[in-house]
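To start, the structure under review is shown below, and the notes come after it.
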Amino acid sequence: MLLPVPLLLGLLGLAAAEPVVYFKEQFLDGDGWTERWIESKHKSDFGKFVLSSGKFYGDQEKDKGLQTSQDARFYALSARFEPFSNKGQPLVVQFTVKHEQNIDCGGGYVKLFPAGLDQKDMHGDSEYNIMFGPDICGPGTKKVHVIFNYKGKNVLINKDIRCKDDEFTHLYTLIVRPDNTYEVKIDNSQVESGSLEDDWDFLPPKKIKDPDASKPEDWDERAKIDDPTDSKPEDWDKPEHIPDPDAKKPEDWDEEMDGEWEPPVIQNPEYKGEWKPRQIDNPDYKGTWIHPEIDNPEYSPDANIYAYDSFAVLGLDLWQVKSGTIFDNFLITNDEAYAEEFGNETWGVTKTAEKQMKDKQDEEQRLKEEEEEKKRKEEEEAEEDEEDKDDKEDEDEDEEDKDEEEEEAAAGQAKDEL
C-alpha cells in the first residue's frame, strides 16, 4: 500500500526522532560487567574496581556500580561499544559519581576514546576525544573538566565549573550539539552552557591588535594633573619629629659616664607631611587609548569543532589518593530528553532514600559516640570515686595507727610513773 507523501515523511520523521543509545551500563547483572570491561595491563599496579553499592544507598541493587578499592592508585578500566560518529547530531554523555569516602584528592571523570584504542594498553597518555567529569584535590581544585581533543591537542574550557564535593551520588551530563554549542548539567540542572568557539581556544582569535597602529605621542591618558597655579605655603615644611619640650635631664645624669644628654623626640603637631599640589581636570585628557583591531588573517572558522569521526570506548583513567568512589548509570546517546528521563529514572529515584540512609547512619553514629563518651565519663568518675575511697581508707588506717601509737605511748608513760 502506498502512503501519502506527507504521512510517509511524518513517519520517517518519527523514526528519525527515536533516541539512539550507543552505550548504557547500570551493572544489573552481577559479575557480568567483568566480561564487558577491560583492565589495562600498561602498568602492573593499577588499582582494582569492585562492584558495590557502598556503605549507604537508595537501592542496594540499582545503586551498585564500579567502586575504586585501593588508596593512592592509578585506575585504568574501559568498555567498548559499536563505533559511531556524532557528526550532524547531538552527543550526550552522562553518568553518576558518588564520593562516599569524602574524597580529598582524586578524579571522578570519564574519557571517550576513538575505535583505535588498545584497551589493554590504555594509560594516562592515551589519546582521547573528550574528557568529562568532576576532579577534586584539596580545597583549591573542585571542578568539572570538559576537555576536547582538537587536531591532536587537548583543549581545556576557559570557564570554572564547580563540581559537587559531598558524599552523595550526583548525575553529570555533557551535551555537545551540531551548532557548536554545549551544555553541562549536574543533577539534571544546567550549570554551564555556551559556544564551543567562545569557551575553548580551539581557533585563533577572530580579531587581533593592528600591528601597524600605535598610540600617538601626544595622546594624554591622564585624567587629572597638578594645578600649575598651586604653590606650597611658606610655613609648610616642618620636621616630623621634635625634641620633647617637657623632657628634663635626670638629676643623676653623668655626662662623663652617660654621654651628652639629649631629650627624647615626639611627633611634631605642626608636621603636615609631604606637600602635593591640588589636582585639576586635565584639559588635554583624551581617555584611555584603545588599540584598534583588525581581522586576524590566521583565523578560519570551523563548523565541525563538535564532530568526531569515531567514538568506541568509554574509559575510567584516573588517580585517587583515597579510594571509594562509585561510578554508575553510564549513558551515551544522541537524545537530550532521553538522557534527562534516564537520569530521573535512575539517580532521581534513589537519591532521597540514599540521603535518608546516610542521615540515619550519622544519627546512629552520633548516639553511639555519645553513649561511649557517657560510659567513658562514668568509668572515669567510678575510678575517681574508688581512688577517693582508697585514699579515705588509707587516712582512716593512718588515723587508727596514730591513735594506737598514742595509746601505747600513754600506757608506757603511766607504767613508768608507777
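Any Cβ shown, glycine's included, is placed from N, Cα and C.
Residues or ranges marked as Ca(2+) binding site by Swiss-Prot: Q26, K62, K64, D328. Annotated alpha-D-glucoside binding site per Swiss-Prot: Y109, K111, Y128, D135, D317, in sequence order. If you look up Swiss-Prot, you'll see C105-C137 marked as disulfide bond. The feature region 'Interaction with PPIB' is assigned by Swiss-Prot to 237-270, with similarity to another entry given as support. What Swiss-Prot records for 191-202 is repeat '1-1'. Positions annotated as repeat '1-2' by Swiss-Prot: 210-221. The annotation repeat '1-3' is assigned in Swiss-Prot to 227-238. As annotated by Swiss-Prot, repeat '1-4' applies to 244-255. What Swiss-Prot lists as repeat '2-1' is 259-269. Residues or ranges marked as repeat '2-2' by Swiss-Prot: 273-283. The repeat '2-3' annotation in Swiss-Prot covers 287-297.
Structure with Swiss-Prot features highlighted.
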{"residue": "K62", "record": "Ca(2+) binding site", "DSSP class": "coil"}
{"residue": "C105", "record": "disulfide bond", "DSSP class": "strand"}
{"residue": "K111", "record": "alpha-D-glucoside binding site", "DSSP class": "strand"}
{"residue": "Y128", "record": "alpha-D-glucoside binding site", "DSSP class": "coil"}
{"residue": "D135", "record": "alpha-D-glucoside binding site", "DSSP class": "strand"}
{"residue": "D317", "record": "alpha-D-glucoside binding site", "DSSP class": "strand"}
{"residue": "D328", "record": "Ca(2+) binding site", "DSSP class": "strand"}
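A coil conformation is recorded for Q26 (Ca(2+) binding site) in the three-state DSSP classification, outside any helix or strand.
Within 10 Å of the Cβ of K64 (Ca(2+) binding site) there are 21 other Cβ atoms, across all protein chains. Between Y128 (alpha-D-glucoside binding site) and D328 (Ca(2+) binding site), the C-alpha separation comes to 21 Å.
Taking every listed stretch (191-202, 210-221, 259-269, 273-283, 287-297) in turn, the largest tally of C-beta pairs under 8 A with the repeat '1-3' (227-238) is reached by 273-283. Tallying C-beta pairs under 8 angstroms between the repeat '1-2' (210-221) and each of 191-202, 259-269, 273-283, 287-297 places 287-297 first.
If you take every residue in the repeat '2-1' (259-269) and average the pLDDT, you get 90.
Taking Cα separation as the measure, Y109 (alpha-D-glucoside binding site) is nearest to C137 of the recorded positions Q26, K62, K64, C137. Same-chain residues that are not part of Y109, K111, Y128, D135, D317 yet have a Cβ within 8 Å of the Cβ center of the alpha-D-glucoside site turn out to be G107, V110, M131, F132, G133, H145, I147, G315, L316, L318. For the recorded Ca(2+) site, residues Q26, K62, K64, D328 set the reference point as the centre of their Cβ atoms, and the other residues of that chain within 8 Å of it by Cβ are F27, L28, S53, E61, D63, G65, N329, T346. Residues 204-210, 213, 215-216, 219, 221 of the same chain sit 6 or more residues outside the repeat '2-3' (287-297) yet have a Cβ under 8 Å from a Cβ within it. A sphere of 10 angstroms centred on the C-beta of C137 (disulfide bond) encloses 15 other C-beta atoms. The closest partner of C137 (disulfide bond) among the binding-site residues, by CA position, is D317; the full candidate set was Q26, K111, D317, D328. Checking each of the binding-site residues (Q26, K62, K64, D317) against C105 (disulfide bond), the C-alpha distance stays within 10 Å for none of them. Between the listed binding-site residues, namely Y109, Y128, the fewest other CB atoms within 10 angstroms of a CB are found at Y128. Note on the region 'Interaction with PPIB' (237-270): DSSP counts are 4 helix, 6 strand, 24 coil.
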